[in-house]
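The feature transmembrane segment is assigned by Swiss-Prot to 33-53, 77-98, 113-133, 178-198, 226-246, 288-308, 320-340, 347-367. Per Swiss-Prot, heme b b562 binding site is recorded for His83, His182. Annotated heme b b566 binding site per Swiss-Prot: His97, His196, in sequence order, evidence recorded as similarity to another entry. If you look up Swiss-Prot, you'll see His201 marked as ubiquinone binding site, on the strength of similarity to another entry.
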Amino acid sequence: MTNLRKTHPLMKIVNSSFIDLPAPSNISSWWNFGSLLGVCLIIQILTGLFLAMHYTSDTMTAFSSVTHICRDVNYGWLIRYLHANGASMFFICLFLHVGRGLYYGSYMYLETWNIGVLLLFAVMATAFMGYVLPWGQMSFWGATVITNLLSAIPYIGSDLVEWIWGGFSVDKATLTRFFAFHFILPFIIAALAGVHLLFLHETGSNNPSGLSSDADKIPFHPYYTIKDILGVLLLILALTSLVLFSPDLLGDPDNYTPANPLNTPPHIKPEWYFLFAYAILRSIPNKLGGVLALVLSILILAVVPFLHTSKQRSMMFRPFSQCLFWILVADLLTLTWIGGQPVEHPFIIIGQLASILYFLLILVIMPITSLFENNLLKW
């Protein structure tokens, strides 16, 4: 009798994705982040569901409903901080996952990569709307500043902003719709992640060498199931440590003040994971130019496969490209730091130089260096 897992209509999908899936024998821990992102998404959906049971999306009661969750609901504080810090863990895993893709040339799988870029946008949109929900000072002013950016779009800008607001300012209508979208988007993200996996399994995983691994494959289970479980345990350890020891480490103290449209906080800034993009936005003195740079800072990932000039897929055997990759990482860390600083000298010029370097590295320097490396190998 054939094994049920190989014949049952539902089980065989699971079997071909997580059990009998042929996987390269040499994939490193950098390949763990896909499963970690799946775990993060499940944590966020579950904690979010329980938060939604007690949250009210009304300007008058939103802030106090979050206070009520933290004070009166059984383990409400735990659920709330798991959700808030879970978002941070989600973005750490996302950035490492994308970084892995850039380093090892995983972007050569075009469909998988493009859906990944779409997923990144969806997660960023979800996180932004979630940050508005507690209706603290930074929630309100963050929503005002970011939605206002759309007014830079020629001709339809101001109408578009008022349409998104549902009025003439960020108010009850805005909060209600943001809650609705924040609730539905994670399920759309889950569906997209399924498509992301579907396309990945069409080609099979890449590996650190960037060479075809068809000659040397091993089953996903038990080798990579065990490896993924180790990764998940480390993720949960990091998340629970953050939640139980310093839950407010990554948050903004201004968000413990209820939203007040009459009082602007001295420094409006988003959560840490948006700071690099915020720094790029602020480094351009023109509003429309800033908005375009902000969108392009993420959308540039979709162009990366077309800028691949090397004859090798991975950076494993390309020392000059490796150096540039780590300069890019350092540049992004610099942008993250600048995004959290006030708009004054010397931060303005540092931010502008870091923004120029970011685009130059990806669009010009790295492709030219790849060509130079080809010549070194006489290819």
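Here the Cβ of each residue, glycine as well, is placed from N, Cα and C on the backbone.
Comparing Cα positions, His97 (heme b b566 binding site) lies closest to His201 out of the binding-site residues His83, His182, His201.
Counting only the Cα atoms, the space from His83 (heme b b562 binding site) to His196 (heme b b566 binding site) is about 24 angstrom. Against the transmembrane segment (226-246), the recorded stretches 77-98, 178-198, 288-308 differ in Cβ pairs under 8 Å, and the greatest number is found for 77-98.
Non-local neighbourhood of His196 (heme b b566 binding site): Thr112, Ile115, Gly116, Leu119, each in the same chain, at least six residues away, with C-beta under 8 Å from its C-beta. Between the listed binding-site residues, namely His83, His97, His182, His201, the fewest other CB atoms within 10 angstroms of a CB are found at His201. Note: the CA-CA distance between His201 (ubiquinone binding site) and His182 (heme b b562 binding site) rounds to 29 Å. Scored on C-beta pairs under 8 angstroms, the neighbour of the transmembrane segment (33-53) with the top count among 113-133, 178-198, 288-308, 347-367 is 178-198. With a cut-off of 8 Å on Cβ pairs spaced 6 or more residues apart, the transmembrane segment (288-308) and the transmembrane segment (347-367) reach 3 or more such pairs and are scored as touching. Taken residue by residue with DSSP, His182 (heme b b562 binding site) is part of a helix.
DSSP assigns His196 (heme b b566 binding site) to a helix.
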